[in-house]
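Participant: Okay, handing you the structure first.
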Amino acid sequence: MEGATGLRVLLCLLPLLTLQARPALGLATGRPRGSEKRHAVDTSVNGVSIKSLKVNCKVTSRFAHYVITSQVVNNADKAREVAFDVEIPKTAFISDFAITSDGKAFIGDIKDKVTAWKQYRKAAVLGESAGLVRASGRNMEQFTIHITVGAQSKATFRLTYEEVLKRRLMQYDITIKVRPKQLVQHFEIDVDIFEPQGISKLDAQASFLSEELAAQTIKKSFSGKKGHVLFRPTVSQQQSCPTCSTSLLNGEFKVTYDVNRDKLCDLLVANNYFTHFFAPKNLTNMSKNLVFVIDISGSMEGQKVRQTKEALLKILEDMRPVDNFDLVLFGSKVQSWKGSLVPASNANLQAAQDFVRRFSLAGATNLNGGLLRGIEILNKAQGSHPELSSPASILIMLTDGEPTEGETDRSQILKNVRNAIRGRFPLYNLGFGHDLDFSFLEVMSTENNGWAQRIYEDHDATQQLQGFYNQVANPLLTDVELQYPQDAVLALTQHRHKQYYDGSEIVVAGRIANHKLNTFKADVRARGEKQEFRATCLVDEEEMKKLLRERGHVLENHVERLWAYLTIQELLAKRMKTEGEERANLSSQVLKMSLDYHFVTPLTSLTIRGLTDEDGLEPTIDKPLEDSQPLEMVGPRRTFVLSAIQPSPTAHPIDSKLPLRVTGVDTDPHFIIYVPSKEDSLCFNINEEPGVILNLVQDPDTGFTVNGQLIGNKASSPGQHESTYFGRLGISSPTSDFQLEVTPQNITLNPSSSGSMFSWRDQAVLQKDGVVVTINKKRNLVVSVDDGATFEIVLHRTWKGSAVHQDFLGFYVLDSFRMSARTKGLLGQFFSPLDFEVFDLHPGSDPTKTDATMVVKNRQLTVTRGLQKDYSKDPRHGAEVPCWFVHDNGAGLIDGVHTDYVVSDIF
């Protein structure tokens with residue numbers, strides 16, 4: 001970060017799941033905002049200001065969808081370098097990234113990593129990386145892109161990523177690390193939570209705010225299934241002192257919540273996908289058999305062994321009298337404290353603590369011998385002592401290095417451990433520091449029903465060790481199996497778990513075979529403290545109908561993507577343990593699902609068309625490996641220059657399952673309205689005659705207007721509906737004395753005063769009084785109007801020899817920021833927030849489509865689920881957009897009737 005040339009505006013946000021709160025660095029003290037007089041302050045740094053920075057997190061049934069949007073403005077008289085700098089959790093998958101600058105849109109394409117690597121082989125040969133995402137800490141990955149923003153220009157960044165929230169220690173955590181490094185004109189964190197089980201608690205805190213300022217700026221509420229947190233500080237509330245131009249936003253913003261546990265388990269079904277949440281309450285803690293296997297080789301010298309001893313002493317204090325335990329130490333030789341399990345009596349615990357305080361380091365690393373000794377102790381207890389066979393057995397191993405003594409072949413060690421445990425109990429591996437093969441520890445743990453965790457060499461390593469132990473300290477059930485009717489379920493995620501711990505949650509997802517919902521149920525079998533556990537879960541169909549009415553397409557989309565996320569994660573875990581043909585088959589499955597669901601995973605990359613660095617390379621977004629080098633250890637960074645958007649030779653339409661975020665009109669003419677609050681789209685057609693001019697956008701406050709004239713086919717068959725398209729668009733801004741006329745043949749600036757004319761064969765950037773027009777040869781043009789809006793016009797070419805069809809235009813809204821709330825028009829009226837509810841889903845007159853009842857604008861309409869094409873990103877092929885189709889020229893959805901939007905002139 002340091003030593004970078006040029007200006008860097010850092011937009012740093014870190015949403016991640018945390019086990020423990022982490023101390024924020026360089027925090028400014030929050031100050032009361034009472035009687036202190038605030039002065040107007042310049043929010044820019046070297047002429048560059050962050051106009052807006054917004055984090056939107058929408059959680060539906062544990063599935064979290066994040067969108068980070070930031071707009072920077074360069075008011076300087078020369079170009080500046082700007083950095084968009086965001087940290088995201090390692091468990092998340094990026095699903096979209098886009099930049100809009102100077103009226104140009106730069107869109108990400110997800111493709112297989114092999115194809116992406118071939119395009120960037122030059123960087124690989126040079127030993128450099130064009131990658132934007134790198135490992136940067138314990139639970140995070142850092143996404144950074146540097147771009148050059150022209151003088152008097154702006155750039156908007158939008159990053160989207162998704163993950164499934166994991167319950168730890170009785171709650172779900174969302175932590176957002178805030179570090180903009182300068183004052184932000186419009187700063188906002190908006191967290192919206194919908195949990196069908198009902199929310200039992202919700203809290204939000206900011207480490208960088210005083211209690212008084214937090215009370216003023218953090219709004220939090222929850223009722224029933226819904227929870228909401230909003231943090232929107234003013235510029236004065238961001239200032240570190242009344243006259244300062246520096247920001248106190250430097251630290252963590254943390255949201256925690258949990259859900260009601262009134263049922264033993266909850267089944268959620270939507271669109272033939274299901275999610276099963278299992279976290280029963282009021283269960284008795286099981287006694288446990290616990291063996292710690294500790295590395296005491298010479299490399300543990302110093303702080304590592306001191307912190308390990310501190311953690312072990314605290315863990316021993318917390319053990320219950322019903323537990324049994326032993327300690328195994330391995331260096332060059334292997335030694336155990338007792339050689340067998342002993343009860344956790346006060347006398348035994350004190351003796352064990354004395355043993356921990358006294359042991360010293362010795363020799364190399366006989367990891368294989370240490371593990372086999374620990375396994376032997378647990379196996380012997382289960383086989384020869386009936387009273388010790390019922391508790392939950394747990395093996396925990398801590399090491400900081402690689403095997404150097406005894407058996408050192410990793411594949412043989414894996415085989416030895418697997419054959420010794422034989423699925424009887426879980427093995428948890430803790431890797432201390434970076435000087436070890438962490439993937440080896442991961443494979444070993446996952447092969448034996450556990451997981452691996454890295455312990456970072458830091459002042460809080462003791463707390464990290466204790467934090468891990470707290471997650472497994474209280475087993476409630478063992479040998480948990482969630483069972484479903486065999487013929488009713490497809491593509492099931494992991495449904496057998498060796499142990500279930502207090503404060504956690506088991507989540508299973510899958511697909512339901514067609515027409516099998518009536519027979520769908522879940523049976524749970526497990527072993528509890530001295531008794532068997534049995535439960536049956538049924539789908540509450542009435543409750544599901546109610547949930548679908550409340551959440552509609554968002555619920556359907558999130559349940560399916562939750563299944564996809566879990567499936568990909570599990571396939572990747574299996575892939576890590578396999579080789580040869582089996583590994584290739586798993587890779588193929590992961591790749592297909594990653595492309596289908598638009599996820600950046602270890603097998604895919606996201607490239608950004610139109611951005612190039614000094615070597616002509618486009619940036620690429622990859623998923624870094626867990627063992628990849630930290631950010632400060634990698635090579636030189638690369639700065640990308642925004643160039644005209646060009647078709648990607650490997651671009652492919654985004655899968656039709658994805659809800660694409662577009663508002664626009666194209667083809668016959670089909671209007672698509674994206675509704676962010678629902679993560680869904682509405683659509684309607686307008687049927688009018690060729691020659692009719694329709695008003696698309698009109699802002700009465702500024703006079704900004706967009707009109708479009710319809711054209712028909714060259715020829716039509718008698719008695720058939722005549723298709724119409726937009727063949728002419730007129731954009732005008734009276735405040736800028738600006739007019740633009742666009743046809744499939746020409747682009748004319750200020751036609752009424754004989755202005756300049758361009759063709760679609762040109763590549764040009766035009767600028768007039770705050771309006772920028774970018775012509776991208778034979779593809780599209782983008783109009784950016786000051787801070788008001790950004791629009792795209794797409795060119796559609798038909799076959800030159802066609803006797804029926806002719807060329808036409810599509811019109812899309814990329815940004816309606818700052819347009820007035822009074823904006824009207826067939827598209828403009830939807831720039832303001834819109835809400836709707838959909839219910840009573842049923843087969844329509846077309847058996848392949850679903851009809852439903854929609855309530856919108858206090859009107860009740862019949863709508864049909866369908867698909868429309870969005871050509872904004874791929875003018876040739878387009879991408880299918882699921883939407884609710886409103887019949888009869890949008891009647892009931894649009895204000896008035898469609899003929900109210902007929903105007904007499906293109907301007």
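Even glycines carry a Cβ here, placed using N, Cα and C.
So Swiss-Prot says this about it:
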| type | residues | note |
| --- | --- | --- |
| SIGNAL | 1-26 | signal peptide |
| DOMAIN | 34-163 | domain 'VIT' |
| CARBOHYD | CYS57 | S-linked glycosylation site |
| CARBOHYD | ASN282 | N-linked glycosylation site |
| CARBOHYD | ASN285 | N-linked glycosylation site |
| DOMAIN | 287-447 | domain 'VWFA' |
| MOD_RES | THR399 | phosphothreonine |
| MOD_RES | THR404 | phosphothreonine |
| CARBOHYD | ASN585 | N-linked glycosylation site |
| CARBOHYD | THR650 | O-linked glycosylation site |
| MOD_RES | ASP668 | aspartate 1-(chondroitin 4-sulfate)-ester |
Participant: Taking only C-alpha atoms and a 10 A limit, tell me which of CYS57, ASN282, THR399, THR404, ASN585 are near ASP668 (aspartate 1-(chondroitin 4-sulfate)-ester). These are the recorded positions.
Facilitator: none
Participant: Using ASN282 (N-linked glycosylation site) as the reference point, find which of the recorded positions CYS57, THR399, THR404, ASN585 has the shortest Cα-to-Cα distance to it.
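Facilitator: That would be CYS57, the closest of CYS57, THR399, THR404, ASN585 to ASN282 (N-linked glycosylation site).
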Participant: Can you check which residue among the recorded positions ASN282, THR404 has the largest number of Cβ atoms within 10 Å of its own?
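Facilitator: Going through ASN282, THR404 one by one, the largest Cβ count within 10 Å is at THR404.
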Participant: Expressed to the nearest Å, what is the distance separating ASN285 (N-linked glycosylation site) and the residue listed as 'S-linked glycosylation site' at their Cα atoms?
Facilitator: 35
Participant: Indicate whether CYS57 (S-linked glycosylation site) is helix, strand or coil by DSSP.
Facilitator: strand
Participant: Roughly how many angstrom lie between the C-alpha atoms of CYS57 (S-linked glycosylation site) and ASN585 (N-linked glycosylation site)?
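Facilitator: Spelling it out, the Cα of CYS57 (S-linked glycosylation site) and the Cα of ASN585 (N-linked glycosylation site) are 35 Å apart.
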Participant: Mean pLDDT over the domain 'VIT' (34-163): what is the value?
Facilitator: 78
Participant: Among all protein chains shown, how many Cβ atoms are found within 10 Å of the Cβ of ASN585 (N-linked glycosylation site), not counting that one?
Facilitator: 13
Participant: Out of ASN285, THR399, which of the recorded positions is least crowded by other Cβ atoms within 10 Å?
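Facilitator: If we count Cβ atoms within 10 Å for the recorded positions ASN285, THR399, the smallest count is at ASN285.
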Participant: For the residue listed as 'aspartate 1-(chondroitin 4-sulfate)-ester', list the number of other Cβ atoms lying within 10 Å of its Cβ atom.
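Facilitator: There are 16 such Cβ atoms around the residue listed as 'aspartate 1-(chondroitin 4-sulfate)-ester'.
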Participant: Need the DSSP three-state call for ASN282 (N-linked glycosylation site) to compare against my parser.
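Facilitator: Going by the DSSP assignment, ASN282 (N-linked glycosylation site) belongs to neither helix nor strand, so it counts as coil.
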Participant: Looking only at C-alpha atoms, tell me how far THR404 (phosphothreonine) is from ASN585 (N-linked glycosylation site), rounded to the nearest Å.
Facilitator: 34
Participant: Can you tell me the three-state DSSP label for THR404 (phosphothreonine)?
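Facilitator: Note: THR404 (phosphothreonine) is coil by DSSP, not helix or strand.
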Participant: In DSSP terms, helix, strand or coil for THR399 (phosphothreonine)?
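Facilitator: SS state of THR399 (phosphothreonine) = strand.
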